[in-house]
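Trainee: Per TrEMBL, domain 'ABC transmembrane type-1' is recorded for 191-471. The domain 'ABC transporter' annotation in TrEMBL covers 505-733. Among the features that TrEMBL reports, transmembrane segment is placed at 191-213, 225-243, 299-322, 328-346, 414-436.
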């Protein structure tokens, strides 16, 4: 058990450690508040406890990581749910307890303690001594012996290999990723199965009720039992309505929960995939990966799931049918066998048509994206009629493929209706013979007809839904394939890097081609760049300028050779940690809807407002932004900003890169129109300001920029490169 009071001989050391911890938590809280983490006054105690909890669970965590988790809307509510979500984003799960502090095992600590009298507190053990940090006071408070039980939240790090959906766990169990996720809902699925049994029992009671009415009321002419039977019928209808409502609520809840889990996991997986896996796939393919779950959602909330859950209950109807009519069950068994054969036959045809429809839909989607991307050029070049012809052809092929797919289901459904009709006729035929033989009554025949329809209805519904079943199977396969892909980042906790990367860069025997059939972009390219050196990169279009610039970021992986930064091969480094230590201005600056400050903090989440303003001043953007009513907290629309103030967008991209305190700065080629509008002076000022402080690689055609470089890399279309000063390159050319 944990001791609640430190020993006297350790009091001084304990007090010193407590004071140091208080200061650390307060400094972290102040640092996070400086990044526009706006907390309401009533939430400050819990926010202070959050800082203390993070420091105790992971002392090496970088404030940048915490700030990226906490960024949100101003005046957001930081309640217990937000606390738990923030800890989950940092990689910690929680367990809620109701216990006395003296009963907590030290292996469960640190823990968040919430009491009505004292509010939020952090209870932890250090060097065998118990400590209590009070969020309201922002300091340690004396431990008080109390017999009361408090609400306690204990946190532990999420170990990827321990999760049922991890590759390690799935290799031992043999489950797919989606099957492992579904196993989380086993209690709910069992409950829904019980509800299905109850619903089927209610449905089976209807034929029994008809049989009783015929035998006790119609045959005897006595109306007295009818009132009780009517009450029983109303009771059956009421119970069935209640059970169906419960089942639909559970199905919708499962759909929403699964949609959230699969959607978040898929999106997180896409963000974690290697860069070449994303760049090699088109936008439509990436959108299709995210939308894959729609087929699963339709299954959970549609009639397909109801039919699947009622399928085992067909056996109950067959048993009742056998008990009532013996041989009268044979037509239903025959038609059920025909249904199975029909499902197997149409499944193959549906699979072929689904692949064709998916291909045509993908082409149509790519054409649509291309149209919106090149809309202005299409109109200016007079290509509207030709574009309409292309649209008409692609749209026709897509609709024809979808029509063929729909025909597979409709034809199967027509055959299924025909088989049900045959089964009903045969049931009436055998039933009539049994009635004439005196082995069955008319009421029993009516009940048998209802039972055979009840037994056939699940398979009958599945026959018409074979295309949707195939789409469901393909969706689950695609989800599993996506989740089985290798991540770019290893599953290690994102803590502070043990060493800071320097500015020395070395390219060794680089060979690169974009496609196995494409010519080499680089062949045996080698270059060593000293720390603080300025390198200009030039060359014709398609010679690999941007690809060379992206190699130190691990965004482009060469087929041969490697890149070293300092004493590290970049393949040995965590890609996220690597990119956090390199400032990069891409060829096209992407901004997001939100405030200017939020866009700037995408590159440096821990940046203070003053640091953001200094970076904006440095690139010449502050004069325009200071005219906005809300300054750096002005909400911008990226599309509108790109059309009305394109120069400001370029400057924001450069300022976002300069906001990072890194030793390496990479600047891709800038648009000529922006350079002529005055952005060239910003680039020139940046090259002059950071010469010798940072290793700078930039792409440009302009000789005035290239003359500012210590060396120039002139790339050629044959995969070779000339390296030297600009004058030397000009003489060689």
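In case you wondered, yes, glycine gets a Cβ from its N, Cα and C as well.
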Trainee: State the non-local partners of the transmembrane segment (414-436) in its own chain: residues 6+ outside its ends, Cβ under 8 Å from one of its Cβ atoms.
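Mentor: Cβ under 8 Å, 6 or more out: 325, 327-328, 330-332, 334-335, 338-339, 342, 442, 444-445, 448-449, 452-453, 456, 460, 463-464.
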Trainee: For the domain 'ABC transporter' (505-733), what is the mean per-residue pLDDT, to the nearest integer?
Mentor: 84
Trainee: Can you name the far-off residues of the same chain, 6+ from the ends of the transmembrane segment (328-346), with a Cβ under 8 Å from a Cβ of it?
Mentor: 314, 318, 321-322, 408-409, 411-412, 415-416, 419-420, 422-423, 426-427, 430-431, 434, 440, 448, 452, 455-456, 459-460, 462-463, 466
